[in-house]
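Asker: According to TrEMBL, the record shows the following:
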type: BINDING; residues: A:46, A:47, A:48, A:107, A:136, A:137; note: L-glutamine binding site
type: ACT_SITE; residues: A:78; note: active site, nucleophile
type: ACT_SITE; residues: A:177; note: active site, charge relay system
type: ACT_SITE; residues: A:179; note: active site, charge relay system
């Protein structure tokens, strides 16, 4: 099992390290041919408008969309969640996404950097107690289609109740950054998803 | 500085301004280009080109150098104008030691404060106590000791100083190589020699020990100061920078929009000469530039900060 990390911009290294600790081969992906060689993909945190622009200019956006439509497992954190959404509120007019998860995501929803925070999130399907989540100029999910599973919401503070973790088919997204905390449960959950997908694809 | 990070078990209330949230913001900028802008129009050009953030300032370093005088924090109206124009993060510069300028920038909602040697220092002994703020800080450094002193004061991101406003990349190269060399040296020392290493670096022992163990700074390391071309940006990335600040290099050049986009691409594909060659074509005039050697030492901005 080889899992790629989209390496156009963002905290690529942290995801590569987290995946390596989950005992999978992890490698950066910047080009279409590199995408061909991976079984699953992580889209890291970073600046979603920059990633979108580079993905278009270096010809990886369309191949990515095809792989997502074809069932490749993808996990996106923060900017990665935005990249996976069908609709983005407060994005740039020219911003493109992979339109993988039927959801509306609001960019920078929690505010500016002075509003960035860490706090607990309960995630359905992940045991071991609340996840200590780090939100950095993070998006939230405004609304989801009926077949999107809501896995986690903010539990405390002014944004309590906001959706911050979702899954649809082989696609997983969180508004927060498990790669910054050393807690591997979200990455392990995704690796299990990817392994299960590999088995069904045969 | 783990003692500065709020414990995750003590309370369930969301915590802002923790070291992890501040340093994490810089992690998200990695592999990206942060561009100096002096107007909302320039900020828009930078965002259109794929910048990961913009740095709002009153005058770019090349103009500060040419015009002289005391250089200060920008007008809040100008910073508001930029914040309202772009959706990417906005950084702004405060003078070294000027904690009230930093308080004002935090109140305006800027996403990162650059305590910068490019502005006229406000305190010739003390830098700002950056732990006291919710907004994160980036600071310049010419060597490892200076970087660790800034981190000890609460800096959540470090950049090489280079020599701003020159278009001459040589000092950025020197600073980046120096910081990386000194890190490599620490990783090769036996533990009982780290005490003296800390003394020589004039840096706190705990941070020296952490760098020796991990082989990297505890915060993100960018480059700045004299970067003017896609090849400059790519070279600094190959030398170990995790991202790039471009100051005067873009808006003092012949075709800012195209140069900005080219530097963004060269930063992502810093190890691919074919891409760098392609994006370097037809960019028009680079900024004219000044050789650092031609600037008398008292006028070199990198000498500021202690």
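Note that Cβ sites are derived from N, Cα and C of the backbone, with glycine treated the same way.
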Asker: Rounded to the nearest angstrom, how far is the Cα of residue A:177 (active site, charge relay system) from the Cα of residue A:137 (L-glutamine binding site)?
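Answerer: Just about 11 Å between their Cα atoms.
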Asker: Name the secondary structure element type, per DSSP in three states, that contains residue A:47 (L-glutamine binding site).
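Answerer: Coil, per DSSP.
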Asker: Which of the recorded positions A:48, A:78, A:107 has its Cα nearest to the Cα of residue A:177 (active site, charge relay system)?
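Answerer: Comparing Cα positions, the candidate nearest residue A:177 (active site, charge relay system) turns out to be A:78.
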Asker: May I ask for the distance between residue A:47 (L-glutamine binding site) and residue A:78 (active site, nucleophile), taken between their Cα atoms and rounded to an integer number of Å?
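Answerer: For residue A:47 (L-glutamine binding site) versus residue A:78 (active site, nucleophile), the Cα atoms are 9 Å apart.
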Asker: Measuring Cα to Cα, how far is residue A:136 (L-glutamine binding site) from residue A:78 (active site, nucleophile) in Å?
Answerer: 8
Asker: With L-glutamine as the bound species and A:46, A:47, A:48, A:107, A:136, A:137 as its recorded binding residues, calculate the greatest Cα-Cα distance and give it in Å as a whole number.
Answerer: 13
Asker: What number of additional C-beta atoms lies within 10 angstroms of the C-beta atom of residue A:177 (active site, charge relay system)?
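Answerer: Other Cβ atoms within 10 Å of residue A:177 (active site, charge relay system): 28.
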Asker: Whole-number Å only: compute the distance from the Cα of residue A:46 (L-glutamine binding site) to the Cα of residue A:179 (active site, charge relay system).
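Answerer: Their Cα atoms are separated by 12 Å.
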Asker: Which of the three DSSP states, helix, strand or coil, fits residue A:107 (L-glutamine binding site)?
Answerer: coil
Asker: Could you measure between residue A:179 (active site, charge relay system) and residue A:48 (L-glutamine binding site) for me? Cα positions, answer in whole angstrom.
Answerer: 17
Asker: Provide, as an integer number of angstrom, the distance between the C-alpha atoms of residue A:48 (L-glutamine binding site) and residue A:78 (active site, nucleophile).
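Answerer: So the alpha carbons of residue A:48 (L-glutamine binding site) and residue A:78 (active site, nucleophile) sit roughly 9 Å from each other.
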Asker: Tell me the Cβ contacts of residue A:78 (active site, nucleophile) under 8 Å, same chain only and six or more apart in sequence, or just say none.
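Answerer: Sequence-distant Cβ neighbours: A:44, A:45, A:46, A:136, A:138, A:139, A:174, A:175, A:176, A:177.
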Asker: Would you count the other CB atoms within 10 A of the CB of residue A:179 (active site, charge relay system), including those on all shown protein chains?
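Answerer: A 10 Å sphere around the Cβ of residue A:179 (active site, charge relay system) contains 30 other Cβ atoms.
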Asker: CB neighbours of residue A:46 (L-glutamine binding site) within 10 A?
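Answerer: A count of 28.
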Asker: Sequence gap of 6 or more, C-beta under 8 Å: which same-chain residues meet both conditions with respect to residue A:107 (L-glutamine binding site)?
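Answerer: Listed in sequence order, they are A:48, A:82, A:88, A:89, A:90, A:91, A:139.
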